[in-house]
Amino acid sequence: MADEPLYPIAVLIEELKNDDILLRLNSIRRLSTIARALGEERTRRELIPFLGENNDDGDEVLLAMAEELGVFVPYVGGVEHASVLLPPLENLCTVEETCVRDKAVESLCRVGSQMRESDLVEYFIPLVKRLAAGEWFTARVSACGLFHIVYTSAPETSKTELRSIYSQLCQDDMPMVRRSAASNLGKFAATVEYAHLKADIMSIFDDLTQDDQDSVRLLAVEGCAALGKLLEPQDCVAHILPVIVNFSQDKSWRVRYNVANQLYELCEAVGPEPTRTELVPAYVRLLRDNEAEVRIAAAGKVTKFSRILNPDLAIHHILPCVKELSSDSSQHVRSALASVIMGMATVLGKEATIEQLLPIFLSLLKDEFPDVRLNIISKLDQVNQVIGIDLLSQSLLPAIVELAEDRHWRVRLAIIEYIPLLASQLGVGFFDDKLGALCMQWLQDKVHSIREAAANNVKRLAEEFGPEWAMQHIIPQVLEMINSTHYLYRMTILRAISLLAPVMGSEVTCSTLLPVVVAASKDRVPNIKFNVATVLESIFPIVDQSVVEKTIRPCLVELSEDADADVRFFSSQALQAIDHVMMSS
C-alpha cells in the first residue's frame with residue numbers, strides 16, 4: 001500500500017517513453033490527475049523536473065504540456081511555489097514549432113500574473129533576460145511576449161534594462177524577432193510610464209515603422225492603434241498621425257490593408273481637426289486603392305468611419321467613393337460595401353439617403369453576385385428607420401419582389417426571413433396586394449430549406465396580422481395545396497398546419513385544420529402518413545379531450561397498424577405521448 005503513490009508517476013514515465021504518440025499525449029493530458037495523486041511536494045520535486053527534461057518530444061505532446069503547465073499553479077502548492085513551473089516552460093519557449101512556443105508564452109503569462117512581486121523579480125525577470133539573449137531566434141521571439149508581465153514589478157534599474165533589451169529586440173537581425181517585438185509592443189507600452197512611453201517606446205516604434213520587411217511594418221500598424229489610445233491627443237498627432245498617413249501609401253498592399261482596418265480607431269485618438277485634414281484624404285486613397293483586398297477592407301469600414309465624421313464631410317468625401325465602389329470590378333468589394341452601406345442612412349439623414357444612397361441600394365439589389373444582394377436585403381430595416389416605409393416600398397419593393405424569385409435559393413431564403421418584418425412595416429393592406437401571393441408560392445419551391453422557411457413564414461404572418469386575417473387570407477390557400485400531386489409539397493403543408501394550429505386556436509384547429517390532417521392519413525405515401533402522426537402529436541394539446549378520443553386517437557390507432565415500420569413507430573410514439581398526458585392530468 002505504501003508504494004501505491006509511486007504507481008501514477010511510473011505509468012506517466014512509461015507512457016511518455018512509449019512509441020505510440022497517443023499514449024504519450026494521453027499521459028500529458030492526465031498530468032493534473034497524476035499531480036493530485038503525487039501530492040504538491042513530490043510534484044515539485046519529481047514531476048516538474050522530469051517534464052523539464054522531456055522537451056524533445058513530438059509537437060502535439062509539447063503543445064499539450066505547455067497548455068497543462070499554465071494551469072498547474074494549484075498542483076505545485078500555490079503561488080508561493082509557482083516559480084518551479086518556469087524552467088519547463090522556458091524550455092518550451094525555445095522549441096522550433098511556433099504553436100508550442102505561443103502556448104508556452106501564454107502559459108508563462110498566466111503563471112506570471114499569479115506570482116508574487118518578489119518572485120517575479122527573483123525568477124521571472126532573469127528568465128526574460130535569458131530568453132532575450134538566446135542564441136537561437138526562437139527564444140528571442142518568445143521573450144517579446146513576456147515583458148508586459150514583469151515590467152510593472154521590476155525595480156527602477158531593471159526597468160531601464162528591460163526597455164533597452166526590448167529596443168535591441170526591435171533591431172534584431174532576424175525578421176521573425178522584429179515581428180514578435182512589433183506585435184507585442186502595444187501590450188508592453190501599456191505598462192510603461194508616460195515619460196518613457198514618449199521617449200523610449202516611440203523611438204522603438206519609429207524604427208519598426210521604417211523596417212525594410214513589410215511583415216514587420218504591417219504589425220507596426222496595429223501598434224499605431226494601441227499607442228494612439230495611450231498617448232495624449234497632441235502627442236498622438238505629432239507621433240502617430242504622420243506614420244499612419246505614410247502607411248496608407250506604403251508600397252506593400254498588406255500594410256495598406258491593415259491601415260484600412262485600423263484607421264477609424266485612430267480618428268478618436270487624434271481628434272476631429274486632424275481627422276478632417278489628414279485621415280479623411282488617407283481613407284479616400286484606400287477606398288480607391290489599386291488592390292482589391294485593400295478596397296474590401298476599406299469598404300467594410302465605410303459606415304464606422306462615416307459615423308466619426310459630420311454628415312457634410314461624409315457626403316462630400318466618402319459618398320463619391322461609395323458610388324465608385326458600388327460598381328467595382330471585384331464582386332467581393334461590392335459585397336463588403338453592401339454589408340455595411342445601409343448603416344450610412346442613419347449617418348447621412350433622410351434627404352441625403354433619398355438623393356444619394358437609394359440609387360446605390362437599387363444598383364446593389366440588382367447585382368449579379370448573390371452575396372451582394374443578400375447583404376443589402378438583410379439590412380433593409382436600417383434604411384426604413386430613416387426614410388420611412390412609404391418611400392422604401394415605392395423605391396425598393398419592386399426589386400425585392402424580383403429577388404423573391406431569384407435563381408439562387410439563399411437569396412430567396414433571405415427574402416422570406418425578411419418578410420414578417422416587412423409585413424409589420426408595410427401594413428396588412430399593402431402586404432395583401434404585393435406580397436401575399438409570393439408567400440404561397442414559396443410553399444411549393446423546389447428547395448426544402450425554402451419550403452421549411454415558407455411554413456415558418458405563414459405562421460409568423462398569422463401572429464403578426466391575427467387569426468381572423470389568417471383565416472381569410474392564409475388558411476384556405478394553404479389547405480388547398482394539400483391536394484398537390486407532389487408528396488414533398490403535401491408534407492410542407494402538414495408542417496405549416498402544425499405551426500399554424502397554436503396560433504389559430506382550438507376552434508379553427510378542430511373545424512378546419514384537423515379534418516385535413518385526418519384525411520391525409522389515408523395518403524398512399526408512407527412519408528405523409530408518419531408526418532400526419534407527428535402533426536397529430538403536436539396539435540392534440542390544443543384541442544379538447546373529446547376531440548382527441550373521437551378523432552385523433554382512432555386515426556393514430558389505424559396508423560399504428562400500417563404496413564410501413566416508420567408509420568407504425570411515429571404513430572405509436574404519438575399514442576404514448578397522448579396516454580402520458582392523459583395519465584398525468
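Even glycines carry a Cβ here, placed using N, Cα and C.
Note that this is a predicted model, so its numbers are computed, not measured.
Listed features, source TrEMBL:
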- 8-46: repeat 'HEAT' (REPEAT)
- 85-123: repeat 'HEAT' (REPEAT)
- 162-200: repeat 'HEAT' (REPEAT)
- 201-239: repeat 'HEAT' (REPEAT)
- 240-278: repeat 'HEAT' (REPEAT)
- 279-317: repeat 'HEAT' (REPEAT)
- 318-356: repeat 'HEAT' (REPEAT)
- 357-395: repeat 'HEAT' (REPEAT)
- 396-434: repeat 'HEAT' (REPEAT)
- 474-512: repeat 'HEAT' (REPEAT)
- 513-551: repeat 'HEAT' (REPEAT)
- 552-585: repeat 'HEAT' (REPEAT)
Secondary structure composition of the repeat 'HEAT' (162-200) [DSSP: H/G/I, E/B, coil]: 31 helix, 0 strand, 8 coil
DSSP-assigned states of the repeat 'HEAT' (318-356) in counts, ordered helix, strand, coil: 33 helix, 0 strand, 6 coil
Tally of DSSP helical, extended and coil residues in the repeat 'HEAT' (552-585): 28 helix, 0 strand, 6 coil
Per-region confidence, the repeat 'HEAT' (552-585) (mean pLDDT, whole number): 87
Distal contacts, the repeat 'HEAT' (162-200) - CB-CB under 8 A, six or more residues away: 125, 128-129, 132, 137, 140-145, 147-148, 150-152, 154, 207-208, 211, 213, 215-216, 219-220, 222-223, 225-227, 230-231, 235, 239
The repeat 'HEAT' (279-317) - residue tally per DSSP class, helix then strand then coil: 32 helix, 0 strand, 7 coil
For the repeat 'HEAT' (279-317), distant same-chain residues with Cβ under 8 A (at least six beyond the ends): 241, 244-245, 248-249, 253, 256-257, 259-261, 263-264, 266-268, 270, 324-325, 328-330, 332-333, 336-337, 339-341, 343-344, 347-349, 352, 356
